[in-house]
Amino acid sequence: GPTVIFLNSTIQPNQSEVVLTAGSSFQLRCQGHGSVTISTTAIKHLPKGKLNPLEVLRVTPRHTGTYHCRYTNQSLTHLNTWIHLYVKDPGDPSTVFVTPRLTLPSHKEDDDVQFRCLLTDPSVTNLTLQPEERGRDLPPGMNVTLDPRRGALITHLRTSFKGGYACSGWRNGTEFRSKPFHLLVAPRLRHPPSLSVSQAELVRLKGELFTVTCQAWNPTHFVTVTWTHPHIQVSIHLHLHINSTLTISAINRSHSGLYTCTAVNEAGVATATTHLSVLDQPYLRIYLSLQTADSQQASDDQFGNFSGGIEETSEEPTNISVASEEQQGELAFNVTGSSTGRDSGGNISGSRTVEVHEGRDLTFTLIMEAYPPIRQHHWTTPQQVNNNGSNVFETSYTAKGYSRSEASILLRRVRQEDGGRYSFRFSNTFFNGTQDMELRIYRTPTVRITQQNHSLVCSSSGYPSPTLFWLTCTDMCDDSSTYQVSPSAESSEEGGEVRTLFPLSAHDEHITIMCKAYNLVGESDQVFVHRLPTIFTPAMIGALSVSFVLLLLLLVVFHKYRQKPKYEILWKIIESNDGNNYTFVDPTLLPYNEKWEFPRDKLRLGAVLGSGAFGKVVEATAYGLGTENKATRVAVKMLKPSAHSEEREALMSELKILSHLGYHDNIVNLLGACTQGGPMLMITEYCSHGDLLNFLRAHTQDFMASMITIDELGDEVFYKNMPPQQEKLRSDSGISCWSEYQEMQPALSPRQIDSGKTYLSVCDLMRFSYHVAQGLDFLSSRNCIHRDVAARNVLLTDCRVAKICDFGLARDIRNDDSYIVQGNARLPVKWMAPESIFQCLYTVQSDVWSYGVLLWEIFSLGKSPYPNVIVDTNFYKMIKDGHHMEQPEFASNEMYHLMKLCWSLEPTHRPTFKTIGQLISRILPLANDTLPDPRDQVIKPRVVLKSKVRFYKVASVLRKTADRRDNHEGGEEREPMMNNIYQLS
């Protein structure tokens with residue numbers, strides 16, 4: 001009868017389900033009418049040894065599974081019974097599903113796979129299979145059957161099913177997932193293995209070694225390779241890529257025939273064959289083939305037939321004419337070695353003569369069928385034929401099969417000098433041979449006439465040898481010309497060249513002589529015109545023309561080199577003066593104090609602020625620059641790696657000049673330098689607002705001009721709001737003066753003004769003017785001339801203090817519209833005084849002129865001077881005539897009058913910088929001798945000034961200054977405002 005299962009001594013019905021709790025114990029006993037055994041599908045392996053009864057003292061969820069009670073007699077399998085045990089662990093939700101620890105192996109496409117995710121708690125329902133990555137759906141076409149006792153069954157696998165999956169179930173609204181498993185699906189093979197043999201046809205002598213290789217490739221390991229032959233069979237089982245070599249040590253005639261290599265995989269069978277011919281004796285057959293560029297046909301005519309032992313050929317050379325443009329081909333040798341041993345000696349040779357037209361391509365080919373194969377071979381060419389990298393000829397040797405080969409030589413566009421003997425030498429174990437080809441080239445004659453003393457020599461070469469004759473005429477020679485062969489003419493032939501002489505008569509001052517040559521191929525001629533000799537021969541004219549062109553090119557290169565800009569510091573230090581002659585200090589001779597040295601390791605370089613043709617300025621942080629060990633934001637000047645020694649010397653000169661000048665609030669001061677142990681670095685103050693020019697343009701829409709009345713308006717203040725400029729901020733140089741030193745922020749909107757942010761006022765413009773005047777006054781007191789005073793060379797600190805600088809290093813003046821080419825230099829013409837433009841004179845007074853242009857820039861809020869005026873002859877005439885720019889929109893009458901004083905044509909009539917500073921300080925509101933600290937002044941909308949500023953006093957001072965200039969004529973000389981100082985730059 002059926003087997004009986006006892007669980008803890010209780011009989012369990014067949015196919016029943018029992019739920020156990022983890023940690024409990026159970027005993028399972030199987031009983032039947034015969035030998036029985038217990039098996040299970042549980043993940044937990046059964047203990048070895050006796051399994052009936054099966055006793056587990058402490059069960060775990062991994063004991064979950066189906067337990068079978070089976071007869072050992074296979075004929076009684078229909079009487080087997082089973083029960084299913086669930087072992088749940090309420091304290092560990094991760095054990096709701098138990099899975100094997102081993103990864104599933106790779107499965108074949110179209111197979112079925114069972115993932116054993118066994119459910120330990122039957123109260124979990126809604127069992128599904130989910131991708132490992134949450135939120136994704138199962139691949140299209142995947143069919144899954146979930147069984148809580150067996151797991152997930154996936155049928156008809158596809159390669160697209162590859163990936164991670166987990167079993168899922170729900171209990172009381174909570175999802176439980178099994179540990180994921182990774183499914184690998186190998187594609188089922190669709191094609192038989194790829195198969196090839198090393199040679200499709202082989203020839204061997206009886207007794208030799210025979211080896212052939214069969215190569216097979218299969219995507220998987222399951223492939224079988226077999227060699228078959230009527231007398232041989234070899235089977236090899238290897239992996240993936242198989243090199244199966246069949247070897248027979250000593251073959252005989254019975255081994256001849258077809259050898260088949262067979263490879264079998266699950267998709268089918270592939271075969272490859274090779275044929276073996278076993279010979280009793282060696283052989284050699286050689287065919288000759290000649291081909292011109294126009295020949296495409298070949299004929300095979302037997303030329304000789306030699307059998308038996310090796311014999312030497314002594315046949316007559318045969319002329320193979322290529323003039324008919326037909327290719328000739330014949331069997332040259334047919335030799336067997338039936339009566340010859342391997343050590344026998346002997347030569348076979350042949351010779352051919354070939355005539356071909358010049359300029360055509362000729363291919364000479366030898367087709368050799370031999371066994372043993374030809375092992376040594378080489379071509380020999382005439383000594384005068386040399387490739388020299390020009391591909392005059394090409395040789396090739398191609399083995400077609402084991403016993404067939406071709407050797408050819410290709411002559412491209414054959415020339416007369418390519419003629420001669422071409423030989424191909426070849427040999428193997430049994431035979432030695434040489435095939436010669438004598439090349440003769442048809443060529444149209446060439447004619448060359450030379451004059452020797454009182455005779456003309458006509459030389460002609462060609463094949464066949466040409467015939468020469470002379471023609472004489474008084475003008476142009478044609479068919480009706482006189483035919484003449486002088487009785488004293490001489491003819492000779494040397495080295496294939498024909499020569500003939502024609503004597504000239506003393507009376508033949510103007511005569512035309514033609515030499516004609518012809519042969520079977522064609523004819524040619526050359527004309528000689530006999531005239532009286534002239535001085536300017538064509539050769540002399542050509543030489544003079546070439547010399548002139550070379551000289552012109554040299555001048556252009558020298559001019560371009562002279563125009564190449566060089567970096568130099570514009571500031572000049574005056575050493576002494578003698579009248580109008582000044583002596584400038586050579587900056588290279590100035591001393592350099594080592595106290596300025598700063599450790600490189602305490603300097604951290606940052607972003608590039610400006611870059612020019614010779615160097616750049618970068619933002620940096622210096623640690624311990626002052627007395628306190630703190631970080632200081634600085635700007636560092638340095639040269640580019642490509643800079644020359646002149647640029648390095650110029651930067652050192654700038655360093656020495658700044659150290660010589662000393663400290664001042666209104667110049668960009670030197671803070672330190674690194675001159676040793678690396679590239680030279682010059683450390684200066686950092687100005688956060690960038691250059692004044694871009695600052696003015698950026699704050700145009702924030703500008704508010706305060707118009708102050710004298711008596712009528714009292715304390716009221718009026719403002720003028722400028723419309724915002726939409727154009728992109730740009731300096732006259734095309735880039736920011738500080739280049740990328742300070743990225744200017746967009747202009748403030750009215751909403752920002754209302755929020756209390758700072759803006760630009762007339763007082764700010766006056767303060768900038770005063771600061772620059774103070775800085776220039778300091779430079780003049782130190783006998784220093786700036787030479788490039790402009791808003792682009794003024795920087796602003798975070799407190800809006802203006803500081804004078806020089807950016808010759810960090811500005812690309814070649815692309816700056818403010819610098820005009822004059823001679824070999826680029827100059828800021830619109831800022832230069834007349835004496836600087838026309839006489840190259842630079843003085844402190846010329847700096848005053850430039851300062852006046854700077855004032856115009858400030859009170860026009862950064863506009864370019866002389867707007868809409870091109871620098872040309874009209875501009876220079878306008879400067880000479882004393883034309884002044886119109887009054888800027890935001891400049892008071894007093895400030896405009898100060899500008900015009902700075903633009904006086906007579907340098908001595910211009911005010912000094914000290915006088916300018918005093919005048920501006922009087923105009924500034926709420927100022928006596930000391931300017932207010934801009935940090936203490938917060939300008940707000942609708943600000944009310946408590947003091948009344950009256951300008952008439954200042955205007956009176958300016959008018960008196962103007963009167964001194966206008967009334968100074970013809971009378972007693974007055975002491976000028978400044979010494980008449982000039983210097984030729």
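Here the Cβ of each residue, glycine as well, is placed from N, Cα and C on the backbone.
Record note: among 342-364, 963-985, 963-985 is the stretch given as region 'Disordered' by TrEMBL. According to TrEMBL, the cysteine that forms a disulfide bond with Cys515, out of Cys458, Cys674, Cys687, is Cys458.
Of the cysteines Cys117, Cys261, only one is given by TrEMBL as the disulfide partner of Cys214: Cys261. Proximity of distant same-chain residues to the transmembrane segment (535-558), defined by a Cβ-Cβ separation under 8 Å and at least 6 residues beyond the stretch ends, is recorded for none. The domain 'Protein kinase' (603-924) scores a mean pLDDT of 78 in the predicted structure. DSSP states for the domain 'Ig-like' (2-80), grouped as helix (H, G, I), strand (E, B) and coil, give 9 helix, 34 strand, 36 coil. Cα spacing between Leu609 (ATP binding site) and Cys167 (disulfide bond): 63 Å, rounded to the nearest whole number. The 10 Å shell around the Cβ of Cys687 (ATP binding site) contains 24 further Cβ atoms across the protein chains shown. Break the domain 'Ig-like' (193-277) down by DSSP state and the numbers are 3 helix, 55 strand, 27 coil.
The shortest Cα-Cα distance between Cys30 (disulfide bond) and any of the recorded positions Cys214, Cys458, Cys515, Gly615 is the one to Cys214. A straight line from the CA of Cys458 (disulfide bond) to the CA of Lys637 (ATP binding site) spans 77 Å. Within its own chain, Cys69 (disulfide bond) has Thr3, Val4, Ile5, Cys30, Gln31, Gly32, Val36, Thr37, Ile38, Asn80, Thr81, Trp82 as residues 6 or more apart in sequence whose C-beta sits under 8 angstroms from its own.
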